Amino acid sequence: MQNITQSWFVQGMIKATTDAWLKGWDERNGGNLTLRLDDADIAPYHDNFHAQPRYIPLSQPMPLLANTPFIVTGSGKFFRNVQLDPAANLGVVKVDSDGAGYHILWGLTHEAVPTSELPAHFLSHCERIKATNGKDRVIMHCHATNLIALTYVLENDTAVFTRQLWEGSTECLVVFPDGVGILPWMVPGTDEIGQATAQEMQKHSLVLWPFHGVFGSGPTLDEAFGLIDTAEKSAEVLVKIYSMGGMKQTITREELIALGERFGVTPLASALAL
């Protein structure tokens, strides 16, 4: 019998959650991570599944995700503990045939349930599936320190925030030319913040929750993690710049245009126009 804890997706979740905790992005039970799988990914591990999988209804049906398996982090679980006990802190779930709920096939032992931000994740998965023709498979939420700090001092406007991050590090425009979506402050763990996040995910692979954290999307765990890591690095540079009195020179609009042309990306027009 193959052990699901040795599968590429469980091992990938262990690495991503451990790395995020080591970065300081996921204190206590902060942060959550979901990865969309295929039936072929989980097929070799049926012998590991719960004999009687628990069923949990969704707060709203999501027919686009019908019959789709995911691996998810658990509610109230600490990222630092995923590596110690994957089955207690992670779960493989599968949405039912009409998208009205899901079964917990593996993990989330001791009656644990998926992250409270599952509505935001599933709604964002729906939008990224449509926006990327199914390419994006990962939604990651974390409390990236410097990105949060900037939401207190920068105007919380997509164009302004995006332009500052692009200027903070040359690679940013190449990595997220679609810019950073920004919500108003909202209560977490609700359908309302999930819907607002998903709406921004139609246009952006990164979405900031001011004074709280960031959502990132990507085709793989590495890509989603790297996207947030790149934005957070630029935010760290900007925090240092502002603490030293501000910019005396920066990457110009013309240079940003040249950068986009060199790497074949189309920068967010509103940010480029500033």
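Glycine residues also receive a Cβ, built from the backbone N, Cα and C atoms like all the rest.
Since we're looking at a predicted model, the values are computed, not measured.
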Per Swiss-Prot, member of HIS46, HIS50, HIS212 binding Zn(2+) alongside HIS141, HIS143: HIS212
Densest Cβ neighbourhood among HIS141, HIS143, HIS212 (binding-site residues), 10 Å radius: HIS141
For GLU117 (active site): intrachain residues, at least 6 apart, with Cβ closer than 8 Å: ASN32, HIS141, PRO188, GLY189, GLY194
